[in-house]
Amino acid sequence: MADDKKFYSKPFIVFCWLIAAVGGLMFGYDIGISGGVTAMDDFLLKFFPAVYAKKRFAREDNYCKFDDQRVQLFTSSPRCTCLEFFRVKGVALNAAANNLIMLIVGRILLGFGVGFGNEAVPVFLSEIAPLNYRGAVNILFQLFVTIGILCANLVNFFVSKYHPWGWRLALGLAGVPAFMLFLGSFVIPDTPTSLIERGQLQNGRRILQKIRRTEEIDNEYDQIVHASELAHQVTNPFKKLAQPSSRPPLVIGMLMQVFQQFTGINAIMFYAPVLFQTVGFKNDASLLSSVIIGLVNVFSTLVSIKTVDKFGRRALLLQACCQMFITQTVIGIILLSDLKTTGSLGHVEAIVVVLLVCLFVMSFAWSWGPLGWLIPSETFPLETRTTGFAFAVSSNMFFTFVIAQAFLSMMCHMRATIFFFFAAWILVMGLFVVFFLPETKNVPIDDMNERVWKQHWFWKKYMDCDHDENGHKVPNQIHP
């Protein structure tokens, strides 16, 4: 470790960013592996024989042949819990599962590890990143999510050929990113903000100089110290979150996570192999199509890293809303007109659906995917940052659980109109960005109140005063 040197080397700083971002790799692998495993006949035959029979032997409704609450519970169960030892135990139970109870308990334990990583990593990256690269550095988390999804798709494609234990290998490999993050945690430094908040001022100043590679850090250091002093005045962060001045970042942080799920992205990524089987691809072809989508996802996230600090957050979100709305609507129209309850799409129509899904994933990957994590992690003040971001992450996990648990049943009952359902939500999201989401590009985290919320036409009315314990209005002293 380079801790005894005056400054950290640039490669070591980048290494710290990448190690932290491995938390996204865990999340992405879990997202990608679920849908692929549930498309494997060996897995269905062992745990869901009724679903296997419907898929294999019955002339079943195209939209309903995978509709089973237990299949959906397998996919969604990590989201309703969301530490590394929990994840390792969960992986072991999944890989060795001999019955459905072992499988679901393993998934729930795995969810604890994923959830803690999703809360810690984006905040760590936002706090350690330099101001002019904060967006790009934070998006490394989402980049690793997409890499995790791609790795899962590749694993699904290759292990599906190994009968009858391929699915065990796919689930067991989820332990690899957890082990990487565990080892990396012994190497990377704590953030200056965390050290200063815990009273280690000199150590925090030293680490700040090391990661900025300069001794001229007085302005940033003073801002962090001042924010820490104000944070210590807050004895109950939950009560502070209930104050009007905390409402703008809390509402936006939670809605960004909720909207992220109501784009329909995780429904598509969870069940991409199942979806492509529905429109007529065979098992191997559907898994290969998922690999292609995974590649699109990774390379499109790189676009976001390059552009987010140049064009800003709002521009990427609004552009993506237009593209996602069009693709979801057209997919719905094609399936509504051409995919009947039995049979499959024609070859041309099926290829068009895959291309439209790729365009949808592309736009999500450079916008709502990374920015859904970036914006909440950079807008909370220090005194409520951990608690507020925890609320945002919990919103994400809850609605990911809801969508994952409900998608196959929704597809069964709503049929092709499910894509119009997601398109309608995308329209709502676009209007939300236009009217309620301010630009946060190049604004220091601890200046958000003064430079963003107090200047916004809607949110500024919440910034003037808070309430005391008796419910009386008092001036907001935390951010004068």
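One is the number of the first residue shown, and numbering goes on along the chain from there.
Note that Cβ sites are derived from N, Cα and C of the backbone, with glycine treated the same way.
Feature annotation from TrEMBL assigns domain 'Major facilitator superfamily (MFS) profile' to 1-441.
Look at TrEMBL and you will find 12-31 (among others) tagged as transmembrane segment.
Look at TrEMBL and you will find 96-116 (among others) tagged as transmembrane segment.
Among the features that TrEMBL reports, transmembrane segment is placed at 136-159 (among others).
For 166-188 (among others), the entry in TrEMBL reads transmembrane segment.
According to TrEMBL, the transmembrane segment annotation covers 250-273 (among others).
Annotated transmembrane segment per TrEMBL: 285-305 (among others), in sequence order. With a threshold of 8 Å between CB atoms, the same-chain residues lying at least 6 positions outside the transmembrane segment (285-305) that come near it are 32, 35-36, 39, 136, 139-140, 142-143, 146-147, 149-150, 152-154, 156-157, 160, 269, 272-277, 316, 354, 357-358, 361-367, 369-371.
Look at TrEMBL and you will find 317-336 (among others) tagged as transmembrane segment. Beyond the transmembrane segment (317-336), the same-chain residues lying 6 or more positions past its ends with a Cβ under 8 Å from any Cβ of the stretch are 263-264, 279, 345, 349, 352-353, 356-357, 359-360, 362-364, 366-368, 371, 415-420, 422-423, 426-427, 429-430, 433-434, 437.
The annotation transmembrane segment is assigned in TrEMBL to 348-369 (among others).
The transmembrane segment annotation in TrEMBL covers 389-411 (among others).
Residues annotated as transmembrane segment in TrEMBL: 418-438 (among others).
With a threshold of 8 Å between CB atoms, the same-chain residues lying at least 6 positions outside the transmembrane segment (348-369) that come near it are 142, 145-146, 256, 259-260, 263-265, 268-269, 272, 275-276, 279-281, 289, 292-293, 296-298, 300-301, 303-304, 307, 316-317, 319-321, 323-324, 327-328, 330-331, 334-335, 338, 429. Note on the domain 'Major facilitator superfamily (MFS) profile' (1-441): mean pLDDT across this stretch is 83.
Between the transmembrane segment (136-159) and the stretches 12-31, 166-188, 389-411, 418-438, Cβ pairs under 8 Å are most numerous for 12-31. Long-range Cβ contacts of the transmembrane segment (418-438) within its own chain (Cβ-Cβ under 8 Å, at least 6 residues beyond either end) map to 252, 255, 259, 262-264, 267, 313-314, 317-318, 321-322, 324-325, 328-329, 331-332, 335, 368, 375, 407, 410-411, 452-453, 455-456, 458-459.
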